[in-house]
Structures are given as C-alpha cells and as structure tokens.
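Undergrad: One structure is given below, represented as structure tokens, and several questions about it will come after.
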C-alpha cells in the first residue's frame, strides 16, 4: 500500500503496521491515567503508534500516538519523509498567492500544481461507513466511549482529537477545527474554542444572524490522517480543509451529510457526534493539564448537546494527551514547521530558515534567519512573522539572526544574541497584543505583550562603532590538518 493512496484511518494503520510503526496492546489498560503514562513514555522514546485493544471497562479500542513522530506526520500528509513537507508548503504558498504563467514553458512547469488542484472538490456519498451504526435520543451515551482522563487533577474525561465541523450563516464553506471537549453528561460536552478560531467565529455570526436558534455542530472522531492534518495546517482562506486533504491524499475527500443537520462529515470517520449548541448554555471548563506543562484555569464555554452518535462497525476511538513538550502536538509542530517555511519565504524571500522550538510550546517562540539587506530589516521581518499568518498570533518571542546562524542550534542562536545584541537598542516590546488564553503569565487573559530580539549584525545607521569580524579558519591549513588527522592518532 502506497502512503499516497491510503483511503481511511484503517488503511493508514495497516500501512503503519507493515512498516513497524504500530504496536497493538492486548493487555487491559485503563483510559484513566494509564494510557497517558504508556503513550508518554513511548512518544519520548520515538516509539510507534499504539492501539489499545482492551481498554478497561470499554469494548472499543483506543488509538494513541498516531502522529507521535515527524515521520508519521509526513506519512499522513502523503510524503515519504519530513523534508518532503517543504513541497507541501510550496504548494500552499502557490495556492495562497497563485502567479499566472509567464509563458508557454512556464505553463507546462506549473501543470503539476494545476493538476493537483483538480483533486480539490469533495465527493458526496449517499451512505457512508461512519453511519453503519446509529444511536439517537435516549440511546445516546457518550460514557460508552473510552474517553481518556490524562492527568491526575483533570476535571473530567476529555475528547482531544475531535474534528469539529461548523458553518456560519453566510458561508458556503464549512470550517474544520480541533477543539478539546470536556465530558459532562451522557449527551453533553463543553466545546472549548477560543474566540478567534473558526468554529467560534461561525457561532458568533450565527448568534447575530439567527438569535435564539440552535447552532448545528458535528464532530468527527477517527477521520483519515489527511483530513485531520488539514485542520491543523495553514490552509489559505479560499481553500477548504477537505479540499486540502484531497490534495495530500491524491484523491477527493469523501463526505456524507449528517442525519440531523446539513453539515458534511468525513464519510470514513470512525465516529460522528451530531448535535447543537443552545445559545446561552455555558458551563465551566477545566482545569486540564495542557501543552504548556501546567493546568489551565477554569473558564466558561458553550455546551454541545449530542443528539446522534453514528459510527462504523468495530469503531476505533482516536485520542491523545497534551502535556509539557514533547507531546503529540509538539511533534506535529516540528513537522508542520517545514510547511511554514516556504509560505513565509513566498512573502519574505529574505528569510532563509524559520524554526519553532518544541520546548517553546511549538508556537510561543520563533527563530528566524535571514539575508539582511538594510538597517531595520530585522524588525520588518519580526513584524511580518507576527502579522502574516494567524498561526503566529500568539508567538510571544521572535529572534531574528543572520543567515550564518543555524536557527535550529541553540549554541548558534545564543552566541548571536550575546554578541550581536544591545538589550536597549535591539529589543522590541509590543504591548496589548493577542495572547493565548492558556498563557497565565500574561497580565490579562488573552491580552499581553510580545518581544522581538534583533540578533543580526548591525548596519550603518544602527550603530556608529566598528563592527566585529567573525573568526574564520584558514581553509588551506584546515585541509593540511585533515590530511594528517588520522596519523596524529589523538583519540586512539
């Protein structure tokens, strides 16, 4: 089976198993804390995806660590290795700002990209595997799902990999987003979406256009990897996540209309939750251990009432945990970093590399290397990072270095900061900017400051002093010593 041609999650799991990337766990393990402990140890060791076939107290298997290595993220995106994700980024950059062909030859050069675009439309099915089993009304019971409790002080079991499908009242296109959902009853979940996210924006538009009416929502669990990854990738606003998933997979995304609303969900998903949000129905969410390594504070979010649960025969429950990096979101961040680079370079060609260290919670700190061309150039780039893609709206720190620095080597970055920066001159502070609601270090929830560090060599106009020249070895001497190095036998 080709990684480019998997059809659904089960095909992908077969592919992983063939390559030694999936381990089946037959020993009974408790979704309350125990699965997290095993998954965490496995991820930190770079281990396989885990399919817990006998979770204690449940008949449904639990899939964890699906994207626990960058390699598996790349495979989910239809690529053989992480480096190939740069090509995905180039395609997204092209789709974000397509350029018309400059001539006949250029048209032929662009044909592969245009051919990929032809795979974009979805394929609508009348019936689908995700609707093989149906529960509605009093038969709806979310407690039958093996929803994990990840950390000792978590408020309740938490759905983590739910792909939430919404549509605003004035939009033709649906929005797909991944928002955690706290289990509070047999048919009740808390939908934790932040105000700037697509689902929350759709809901706010609905409230304004149709006050008092229930807002339709559906959640897909266990969708195919391309569709899941499409929801966490910087897809252009003009492109749907389903269409992007089709590009990754090489085939059109198959969808089916829900039973209780007009939303379209992935036809091959393992489980679908259908329901609504009643305007004004809110509940306190949390606390939960999160990707920061801390428990977040309790806050109020809308309640999602589930009216239907549809699923495949022998459905698989897809889950994960979040905690201090490395965790699965951090691994996703490392892989998606390669997608971001070409998108940024399309807008800012002077950028050489861009790196989001996973230990910085994958998005709170960015290191940029660039070919500096004029005084003040580094500040333009840091402002561009904050404003160009909404994925970096919450990036608190941006460090800009010259292209002789390796953005992914802290030794290099720290050297540049300590030798090329004056703290007063080269630090930019911006107050009252959007900040992650989970960032308890900010003085106000959702609002805080940002810091830019210009660790580039300074040009005339930025300094009046003679600037230092880096030490460079004599290449002829290096070559002579290379030739006699083994003969010296220093380490033998």
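For all residues, glycine too, the Cβ spot is worked out from N, Cα and C.
Worth saying up front: this structure is predicted, and the values here are computed from it rather than measured.
Below, the features straight out of Swiss-Prot:
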type: ACT_SITE; residues: 290; note: active site, proton donor
type: BINDING; residues: 175, 241; note: Mn(2+) binding site
type: BINDING; residues: 178, 179, 180, 192, 193, 194, 197, 198; note: prenylated FMN binding site
Undergrad: Within a 10 Å radius of its Cβ, which of these recorded positions (241, 290) has the fewest neighbouring Cβ atoms?
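TA: Taking 241, 290 as the recorded positions, the minimal 10 Å Cβ count falls on 290.
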Undergrad: Sort out the sequence-distant neighbours of residue 194 (prenylated FMN binding site) for me: same chain, 6+ apart, CB within less than 8 Å of its CB, listed by position.
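TA: Long-range Cβ contacts: 200, 436, 437, 446.
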Undergrad: Where the distance is taken from Cα to Cα, which of the recorded positions 175, 241, 290 turns out closest to residue 198 (prenylated FMN binding site)?
TA: 175
Undergrad: How many Å separate the two farthest-apart Cα atoms among the prenylated FMN-binding residues 178, 179, 180, 192, 193, 194, 197, 198?
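TA: About 14 Å separates the two most distant Cα atoms.
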Undergrad: Taking the Cβ of residue 192 (prenylated FMN binding site) as the centre, count every other Cβ atom within 10 Å, in any protein chain shown.
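TA: Result for residue 192 (prenylated FMN binding site): 22 neighbouring Cβ atoms inside 10 Å.
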Undergrad: Please state whether DSSP places residue 175 (Mn(2+) binding site) in a helix, a strand or coil.
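TA: Going by the DSSP assignment, residue 175 (Mn(2+) binding site) falls within a strand, counted as strand.
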Undergrad: Listed binding-site residues are 179, 192, 197; which of them have CA atoms within 10 A of the CA of residue 241 (Mn(2+) binding site)?
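TA: So the list reads none.
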Undergrad: So how many other Cβ atoms are close to residue 193 (prenylated FMN binding site), meaning within 10 Å of its Cβ?
TA: 21
Undergrad: Could you tell me which of these binding-site residues, 180, 197, has the fewest other Cβ atoms within 10 Å of its Cβ?
TA: 197
Undergrad: Take the mean position of the Cβ atoms of 178, 179, 180, 192, 193, 194, 197, 198, the recorded prenylated FMN site. Which other residues of that chain put their Cβ within 8 Å of it?
TA: 164, 177, 191, 199, 200
Undergrad: Between the Cα atoms of residue 192 (prenylated FMN binding site) and residue 290 (active site, proton donor), what distance do you get, rounded to the nearest Å?
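TA: Rounded to the nearest whole number, the Cα-Cα distance is 13 Å.
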Undergrad: Give the distance between the Cα atoms of residue 180 (prenylated FMN binding site) and residue 290 (active site, proton donor), rounded to the nearest whole Å.
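TA: Cα-Cα, rounded: 11 Å.
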Undergrad: Could you measure between residue 175 (Mn(2+) binding site) and residue 197 (prenylated FMN binding site) for me? Cα positions, answer in whole angstrom.
TA: 10
Undergrad: Expressed to the nearest Å, what is the distance separating residue 179 (prenylated FMN binding site) and the residue listed as 'active site, proton donor' at their Cα atoms?
TA: 13
